[in-house]
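*Asks:* Pasting the relevant annotations from TrEMBL:
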| type | residues | note |
| --- | --- | --- |
| SIGNAL | B:1-23 | signal peptide |
| DOMAIN | B:4-248 | domain 'PABS' |
| BINDING | B:R34, B:E117, B:D144, B:G145 | S-methyl-5'-thioadenosine binding site |
| ACT_SITE | B:D165 | active site, proton acceptor |
Amino acid sequence: MTLAWQNRLIYLLAFCSGFSIMGVELLGGRILAPFFGSSVHIWGSIITVFMLSLSIGYLYGGKLSTQNANLTRYGMIFIVAGVLVLPIALWANPIMETIFVAIEDSRYGSLAAASALFLLPTIVLGMISPYSVRLLVTSKEQSGQVAGILYFVSTLGSAMGTIFTSFYFVLWFEVNTIIVSYSALLVVLGATAITFQKLASQTQLAATEEVAHEN
Amino acid sequence: MKTNVYLLATLLAFSFFTTSALAKVIHQERSMYRNILVEDTGNLRCLKFNVKSKKTNQSCFLKSDPNRLVFNYTKLMFSGMIVNPNPSRILIVGLGGGTMSNTLHQLLPDAEIENIEIDPAVIKVARQYFSFFENDKVTSKVVDGRIFIKRALLKKQHYDWIILDAFNGDYIPEHLMTKEFLQETKKLLSDNGVLTANTFSISDLYDYESSTYQSVFGNFYQVKSKRQENRIILTTKNELPNKAQLKTNLAALHDRLRPYDVNILKVFNSFTNKQDWPANAPILTDQFSPANLLNQ
């Protein structure tokens, strides 16, 4: 398990997190529509909540990466994000119904509903980018280059997540099926990162033992 | 050679139409949702959304005779009165030029008419250019149809006639053609309430929409124009009356509607309850409603 493979895995994970974020965001409009309509302000609410959550996530992700950054913790972020996405499929209707009854103005109603459904999972998803940078950067000189590639990969993932979800997935599947799939994808990716870390440390351990024997 | 002849013919036809039409744009604005155009062609004034669309004219009226209905599908909408000749509460979802509201107020001066329109610019244009008026019986409100219906249900409101006409222009509000939406709309109907909906008559949506209405209302009538460019789905909350039952009101209604250029006998003859879509056509739901993708 080389460092090159580890970096490829991180780029893949960053791509998939970008894909999932925009996939969920796009479905957000469809999830809110039955209660809050399809006026322009619905998208205002959704985009606001996603941008706000991502910005908070970037801050926390960066902070978290300063303490003993490793692939296991990175994988845990994915698993937590995946679990937090699931309530969107499970409880969106009762949550929206409560808010619909409580808040008369559909602008603030949709803002509250978007927050209730998307704030937490998107904060956690936002933590992925800065954490990826921390895992990828090994020297100060290449930090800009690494950040550039990472933004490229994750934003490309976002673009793909947007187009596939809006052009095809909604034509083939139910909204909840797509949401559950994103949730499962994130959990599987997280588990992959953790497994990779385990295997890597085992090989490393074996290698150090070998070195110790030779001495 | 042959292609040249075709080309010449096309050019001639094109120049003929453009010179004979002489449409003049008298108002143009870009609203939050669409481009709005008001066009005068001689005596005819039309409201248009997104100019390059296949179905460009949304609402038209004759300046000299504003009571006369120009569009065939608005005439077909009056089929609702065959089922319920004296509705006292009417809900119109999708205002357009407001011609339906104006005409209904003249026909039924005591009826309460509520117009729901998502785009404030459309209401403004209807008032300014299409003589759309409001008074203590006729009101309009800027709100998404789905939200209005959900709130009306919470307030335990009922309507004797609901007119769904929100599917204009190129973009289809997908949340207004799902099974859940129709269930909510059905609950909002009074016991003798009737629903008339302007729906898609072409594209893949035809089958999906038909199947969705059937899943909620069971049997329904389709009211189609001869050229099949529009179809109205007509259905009721309770049992759908048969054609023989409906015939009883027809003669009186005919005289009432004649001044508006609606021939209700002709409309009645275009009633059909024949199922002309496949039995296994999928149903649109809040979970699955790719209406805009199906309408390619």
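Note that Cβ sites are derived from N, Cα and C of the backbone, with glycine treated the same way.
Where the annotation comes from TrEMBL, it is an automatic prediction and has not been curated.
For the listed features, I'd like the structural context: burial, neighbours, distances.
*Replies:* When pLDDT values are averaged over the domain 'PABS' (B:4-248), the model yields 87.
Listed in sequence order, B:I118, B:P173 are the same-chain residues at least 6 apart in sequence whose CB falls under 8 Å from the CB of B:D144 (S-methyl-5'-thioadenosine binding site).
Applying an 8 A CB threshold to same-chain residues 6+ apart, the list for B:D165 (active site, proton acceptor) reads B:M77, B:I92, B:V93, B:G94, B:G96, B:M100, B:A197, B:N198.
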*Asks:* Is it possible to get the count of other C-beta atoms within 10 angstroms of the C-beta of B:G145 (S-methyl-5'-thioadenosine binding site)?
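*Replies:* Excluding its own Cβ, the number within 10 Å is 25.
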*Asks:* Which of B:E117, B:D144, B:D165 (recorded positions) reach within a Cβ distance of under 8 Å of chain A?
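*Replies:* Listed recorded positions passing the 8 Å Cβ cut to A: B:D144.
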